[in-house]
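This report concerns only the one structure given below.
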Amino acid sequence: MGIPVGKSMLVLLISLAFALCCIAAYRPSETLCGGELVDTLQFVCSDRGFYFSRPSSRANRRSRGIVEECCFRSCDLALLETYCATPAKSERDVSTSQAVLPDDFPRYPVGKFFKFDTWRQSAGRLRRGLPALLRARRGRMLAKELEAFREAKRHRPLIVLPPKDPAHGGASSEMSSNHQ
């Protein structure tokens with residue numbers, strides 16, 4: 001005859017929920033905040049430098065800064081590159097100006113967060129698109145706890161013996177020998 005309306009609606013809702021989960025898995029979103037955002041911007045923009053707000057030519061009346069876009073919303077490599085500064089001089093001009101600097105000129109990192117490994121990790125995550133659960137610190141902790149729980153469950157003994165109670169366990173054999 002036909003499938004009842006209630007069952008068909010249930011199947012439709014389940015398949016819709018499954019489809020939404022699959023779509024969310026294929027669209028990874030990366031959020032970067034604080035030092036990790038600065039490190040990633042320094043890595044992506046390298047010697048060009050970067051802005052925390054977009055240049056005035058692209059800005060509208062209510063433009064969001066990179067912190068609002070990357071820390072509170074999803075952030076990808078293309079968005080980060082829009083905040084890179086354009087080089088002021090051509091490559092030829094830069095090479096001649098560097099020759100003027102003395103050799104003992106101090107070349108310190110500009111910025112508090114100068115960790116190349118952190119740059120590579122953040123930019124690598126942006127390129128790879130790891131699941132959001134593994135990217136978040138809280139998610140990594142939950143994953144470790146889950147793995148520890150599974151490991152403990154795997155090594156659980158088959159039979160748990162009760163602890164010996166002196167009133168019942170050890171004393172009963174002595175008392176029975178005294179009564180005989």
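Cβ coordinates are placed from backbone N, Cα and C, and glycine is handled just like the others.
The disulfide partner of Cys75, as annotated in Swiss-Prot and taken from the candidates Cys70, Cys84, is Cys70. The stretch that Swiss-Prot tags with region 'D', taken from the ranges 86-91, 152-157, is 86-91. Range with Swiss-Prot annotation region 'A', chosen from 2-22, 65-85, is 65-85. Considering other CB atoms within 10 Å as the measure, the emptiest surroundings among the disulfide-bonded residues Cys33, Cys70, Cys75 are those of Cys33.
Reported as a whole number, the C-alpha separation between Cys84 (disulfide bond) and Cys75 (disulfide bond) equals 14 Å. In space, Cys70 is the closest of the recorded positions Cys45, Arg48, Cys70, Cys75 to Cys33 (disulfide bond), judged by Cα positions.
Broken down with DSSP, the region 'A' (65-85) shows 13 helix, 2 strand, 6 coil.
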